[in-house]
């Protein structure tokens, strides 16, 4: 039978063969049996009546045996509804053959599934190297076979053959043999020197202690640096949160440059300098300065008035240190007195 024959084809051919054999008389004995039984029943009615009368106990035993026979035919092929209706009509031998073919089919599918999974895993393994494999003009299977062949030679060949394989590899990958020889010689010389000059155990112990101390110092410095950075970050965060520094977000880059080049020593100095230099905040700084100047001027005038009031004699005349000009105004007098008292320049 061809491997491409499906289960449906097998069922159709088997069923057609069975029906054909029935028409040719192969199963004539089975089909003629009901007629014989009918004749026997007609000839011996009394016996037939006795046969049909089955005792209750025997009937229960037969009913108990029927489920067992039904349970034996638990297999149901995955056919369409119309074809499945003919399943019970098939002989037991045909049903067993179909069941065997179905089981073989599913076993084959499982085998193919395992092979497909192995192929997918192999494809995933070589996927990162597909560009190199394709540039060499070989398949992934050929590349894997070649690599395992080289590995086998390096593991199990004699020493001269191993050296020859290494030389071929060096040539294939463009490794300069002289450079390789120098590297091997240097490595071998270092090993020989270490063998000829073993390290003094006491020196080795001292080296370990120095290494431990160095590590401790490094850890301490790192912890101190981390603590300092944390403190600086806290100071900067507090400075930025101060309402008086509402333009910190605009000026922080300028402040960093002023602190780095040493022009500013504190955050406050850097903020004030950046406030004056930044075009976005210069007008704001100018307005603040004007407000401060006005406040200072008003304070000086108020202080001068208070000083002038304190210098009035009991007779109502003001005592002044210098002769007053009869033509000076009250404001000029107050300003002169403030200068004499050192309140203004």
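Glycine is treated like the rest: Cβ placed from N, Cα and C.
Curation does not apply to TrEMBL; its annotations are automatic.
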In TrEMBL, which of the ranges 119-146, 147-174, 175-202, 203-230 has the coiled coil annotation? 203-230
Quick check on the annotations: TrEMBL lists region 'Disordered' for one of 280-305, 306-331. Which range is it? 306-331
Within the coiled coil (203-230) only, compute the mean pLDDT. 91
